[in-house]
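Straight from TrEMBL, the features:
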TRANSMEM  24-50  transmembrane segment
DOMAIN    42-293  domain 'G-protein coupled receptors family 1 profile'
TRANSMEM  62-88  transmembrane segment
TRANSMEM  100-121  transmembrane segment
TRANSMEM  142-164  transmembrane segment
TRANSMEM  197-222  transmembrane segment
TRANSMEM  243-264  transmembrane segment
TRANSMEM  276-295  transmembrane segment
Amino acid sequence: WEFNGSFYQPSAFLMMGIPGLEALHHWISISFCALYLIALLGNSMILFIIKKTQSLHEPMYYFLSMLAVTDLGLVLCTLPTTLGVFWFNMRRIGFDACLAQMYFIHILSFIESSVLLAMAFDRFIAISHPLRHPSILTKTTVIKIGLAIVLRGMVSLLPIPFLLKRLTYCGRTELSHSFCFHPDIMNLACGDIKVNVFYGMIILLSTVGMDFIFIVLSYILIIKTIIGLATKEECLKALNTCVSHICAVLVFFIPMIGLSMIHRFGKNVPPLVNTLVAYTYLIIPPALNPIIYSIKSSHIHEALLRALQRKSE
C-alpha cells in the first residue's frame, strides 16, 4: 500500500476467474483458448482477404477492416490476463497496468460501437442513394471517419484513469473479472465516487448510447426505403446486404447493455452471472464477427474460397 496522509492506493489488484468454478479453470480455459484462436485467426483472415482482393476495396469492407482491427485489439487486451488467471492462477495486476488495460478496453469498445454506426450509415447510403454512394463515401471520407472515431474514443475516455487515480481505496482489492473494468475498479474505492459515476454515465450515453440510437434510426430509414421498392426480390436483395451488420450489432450491444445495467443497478445479481455477461461482451463478438461475415457476405465467402483453392493448388 502507498500511504500519503489520508490517501490510500493499492499497489496491485487481484483478478477473478469464474467464481465457484476455480477448480475447473484449466478445463474451462480450453473453451476460452478456442474462442481466442477463432477471433485471432478469423479477424486476421478478414483483413488479409480484403487487402488482397481488389473488388473488396469499397467503403463497406473498409469499415469491416476497422471492425476486425478493433476486435483483434480487444482480444489482445484481455487474452494475457484471462489465460494467466485460468492457466497459472496469476491474479495480481499492478495498479497502473490495470488502469492502462481498462483504458484500452473501453476505447476499443467505444470504437467498435462507432464503427458499427458507420457501417449502418454505409448501408443506408448504399440502399437509399445507390448512385451517389461512391461519391459520398470516398476513400478519403472513410479515412476521415476512421480517424474521427479513434479520436472520439481516446479524448472522451482520457479523464477516466485520472479520476480513478485520485480516489482513496480502503482494503478491498479483488476485481470481479480477469480484466480491468471502470465500474469494477470504481466500486473498490471508499471515497466519494459521484464524479466517476456521473462522468462514466454521461460518456456512455453520449457515445455508445447515441451510436445505438442512430443505428436504429438508420434501419428505420432503410426499412422505409426497402418497402418502397418495386418487387419482392429487390426488397429481399437489399435486406440481405444488411443481415451481417444486424447480427454484429446484436452480438455487440446486447451483452454490453446487460453488463452496464448489472454494474449500475445489479447489486444483488449473482457474481457468476456478472462474470459470464462480461466474458460474453468481450470475447464472443470478436469470435463471431468474422464467422458472421464469412457466411453471410457473398463477396467475403467467395474470396475466401478462392484463397483456399489457390493454397490447395
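Glycine is no exception: its Cβ is also placed from the backbone N, Cα and C atoms.
Cβ atoms under 8 Å from those of the transmembrane segment (62-88) belong to residues 15-17, 25-26, 28-29, 32-33, 36, 39-40, 43-44, 46-47, 50-51, 101, 104-105, 108-109, 111-112, 115-116, 118-119, 122, 139, 142, 146, 149, 178-179, 248, 282-283, 285-286, 289-290, 293, 300 of the same chain, restricted to positions at least 6 beyond its ends. With Cβ pairs under 8 Å as the measure, the transmembrane segment (142-164) is packed most heavily against 100-121, out of 100-121, 197-222, 243-264. Take the transmembrane segment (100-121) and the stretches 24-50, 197-222, 243-264, 276-295: counting Cβ pairs under 8 Å, 197-222 has the most.
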